[in-house]
Structure formats: structure tokens, C-alpha cells
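Colleague: Sharing a structure here in C-alpha cells format.
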Amino acid sequence: MHVDTLWSNVHLITLDGEGLGVIRDGVLACADGRIVHVGPAGSDANLRPTTRIDGEGRWMSPGLIDCHTHLVYAGNRANEFEQRLQGISYAEIARAGGGIVSTVRATRAATPEQLASESRPRLLAMRAEGVTTLEIKSGYGLTLPDERKQLQVARALGEGCRVNVVTTFLGAHAIPPGREAQEYTDEVCNVMIPAIAAEGLAEAVDVFCENIAFSPAQARQVFEAARAHGLAIKIHAEQLSNQHGAELAASFGALSADHIEHLDDAGIAAMAAAGTVAVLLPGAFYFTRDTTLPPIAALRAAGVPLALATDSNPGTSPLTSPLLAMNMGATLFRLTVDECIAGFTREAARALGRGDRIGRLAIGMDCDLAIWDIDAPADLVYRIGFNPLHARVVRGQPDLPASWSNT
């Protein structure tokens, strides 16, 4: 069988099945951007590759997937970081006109070119750590033209940087200054969601359901509008208090419920029944100096899938390192190495509704890969402040190091 590229002499972290699915001394082949063979050394005898690459004993995993980011924005909120160091809470900052709305002002004022220029370095930092797929939310415009601008810039950045960008509409992120909450919710549902769906600018709709943002009733209204327009559902839930948002989202078959530090047993049961992924965001937990841990043990016991993400945003998680987020997941949330790696691959893909396309090394999946100079998979989680990425591959096309050649 002819194949485009065959990698040999690599240790595979397949994530196919339980655990990491490691195949030592493996081979992987792709054709037309998809994986067509995965197996141990010697299983490739009938393959005729155009390009053969010796992995030289490195490790290969699916390309990393960051399933929760707010990467496209303008401005800087270092001043709020200083305020929090002085003991002022995130909620107090938000109520005083800071927080999300301060980024809204800067993002509205930025041209698309300025927005792309400020956001590109953040995307490149993630790409440099093996990210091949990245979710980017809107939510810093809070008007239809400005939300549209964010989503368009996100899509363009992905195309220009060879990263698969999945866009999520988060118009229900904050109440704009001078607006009444219900009036604005009606606009999100009756004006913004129909337009965003018609223009094909987003795959999902998200809501920040919290006592400083949108009520459960308003979140329900947004979910109903999303469902009516064929968009998937996600939620920022139970970050600061238990609003029962995760349970609500699960009743709509949500892809994921994110943050969930204050999640209760009813929410866990609802997520388990619906197959809703728990997206854990240790960067925000760390940066806001939170002390309430997500109910990890109960989520495990219920069989809720656990994904990890950076939550990259200017206010509560200015983090662009998936590798550091993995370490935080282990040290702060007591996740295992397997859970951390799966959380940025297989389970992150599920949180984006793409579990049948990315996140595993298996026949038929997109050939999105990360190749690492490590001794064992645990090195991806254990070490801090280093980047062992050797190469990325997106749909079968490598970012070729100089040492690779066609042989």
C-alpha cells in the first residue's frame, strides 16, 4: 500500500483505548492527511512510503489540543494582578468596572489588524509547545460587530499559523456597561446567535453562568437559542459559586462544563449521564489563588471525562503553556500523568466535539502529531520551564527540522 509518510523508530503515545496506549518502538503512516497505519516495528512491511522518517527513538503523541482559551483580545490587565496581590477579589474588581469589561473596551477599540498583531504571539507560543488544535472564544466584544471581529481574527490566525482553530461564540460573557442583563441576553439570543450561526463563524455557544454574570434562567435562554440554530453548547460553570450551571448545560447535552470548582453531586451525575466533559482550568485556579478544588475524585468515580486547558485570558489565566498547565493539573488538582496527557489530547478533543477526528493515534484520525525529545511520557508533566518539542505535524505535513530528510 502506498502511503505519503512513514515514521519509524518512535515510541507511540496513542491514547487509543485505556490509559496512554503506549507502543514502544512503533511505526505510524499517513496518507492524504489521515493516519492509515499504527503498530509495532515490523508491522509496516507492506507499506511503500514516499517519505520515510527515522524518529531516532523519540516519542510521538497526538498534537496537543487546548480546548478552552480566550486568546484573541487587546490590552493588558497587569494592574488587576497587582490588585489581587493586595487582597482584592476577582468579583470585587469586576463589580468596580474592571475584569472582563476592561478587556472589552480595549478589544472594541482595536482594528482587526491590531487584534491579530497582539494575539499572534500568544498563538505562536502554544504552537511551539506542540499545539495543533486550539479553541478560541469570543466574548470581549459584546456587540455583534465586535464579536464577529474576534471570531474572524481567530479563524484567520489559525489559517496563517497552521493551527486548527475551533471558534466558540461567548457573547454571554459579561453584561456590557450601561446595559440591563435581560435586555442584553435577549439581544444575544435574538440578534447575535442567529447572525453568527448564519455566517458560520462559530461551532458552539458558551455562557458564563455566575452570580456576577448570567443567571441560570438567562443561560437556559441562550442554550435554547443555540440549539435552535444548530450550535453546540458549552458553559463556564461553578467557578465562584454553585449556580447549578453544569447540571443545566448537561440537560442540553453540552459538550463541556468548564471550571466547576463548586460543582455538586447533582451536577456530577448530570454530566456523567450526558457525557459532558469536565474541563479543568488549573491556570485560573492558580492565578486567582483559589482554594476550592474541583471535585476530582467524585468526577473520576462517576466516569466523567476530564480535560485540561490553559484558559488563556488576560485577567485570570495569562497562560500560554500547555506543558505548564499539565504540571499544574498534577500538582494542584492531583491528576495522574495519564490524566494530564489525555486531558490535552483525547479528552480535549471530546470537549470540542471532535473526538472522532483528533486526539488519538488511530487509523482514520487526522494526522496531527507532536514529536518529543523525552525519555518517558511523564517528562511532559514533570518538568517545568522546558520545551522538549522536536516537531509538529498538521494533517500529515511536518514542520520539518533540518535533521529530517526524504530517504
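Glycine is no exception: its Cβ is also placed from the backbone N, Cα and C atoms.
Per Swiss-Prot, Fe(3+) binding site is recorded for H68, H70, H236, D311, and the stated evidence type is sequence analysis. Annotated Zn(2+) binding site per Swiss-Prot: H68, H70, H236, D311, in sequence order, evidence recorded as sequence analysis. Taken from Swiss-Prot, the feature 4-imidazolone-5-propanoate binding site applies to R77, Y140, H173, Q239, T316. The annotation N-formimidoyl-L-glutamate binding site is assigned in Swiss-Prot to Y140, N313, G315.
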Colleague: Looking only at Cβ atoms, how many others are within 10 Å of the one on H236 (Fe(3+) binding site)?
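Modeller: Around the Cβ of H236 (Fe(3+) binding site), 32 other Cβ atoms lie within 10 Å.
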Colleague: Do you see any of the binding-site residues H70, D311, N313, G315 whose C-alpha is within 10 Å of H173 (4-imidazolone-5-propanoate binding site), and which ones?
Modeller: none
Colleague: Using DSSP and three states only, what is Y140 (4-imidazolone-5-propanoate binding site)?
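Modeller: Note: Y140 (4-imidazolone-5-propanoate binding site) is coil by DSSP, not helix or strand.
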Colleague: Going by C-alpha distance, which of the binding-site residues H68, H70, R77, Y140, H236 is nearest to N313 (N-formimidoyl-L-glutamate binding site)?
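Modeller: Nearest candidate: H70.
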Colleague: For Y140 (4-imidazolone-5-propanoate binding site), which of these binding-site residues sit within 10 Å, Cα to Cα: H68, H70, D311?
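Modeller: The binding-site residues passing the 10 Å Cα test are H70.
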Colleague: Hey, for the Zn(2+) site built from H68, H70, H236, D311, who else sits with CB inside 8 A of the CB center?
Modeller: T69, K137, D258, H259, L281, A284, A309, S312, N313, S317
Colleague: What number of additional C-beta atoms lies within 10 angstroms of the C-beta atom of Q239 (4-imidazolone-5-propanoate binding site)?
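Modeller: Looking across every protein chain shown, the total is 28.
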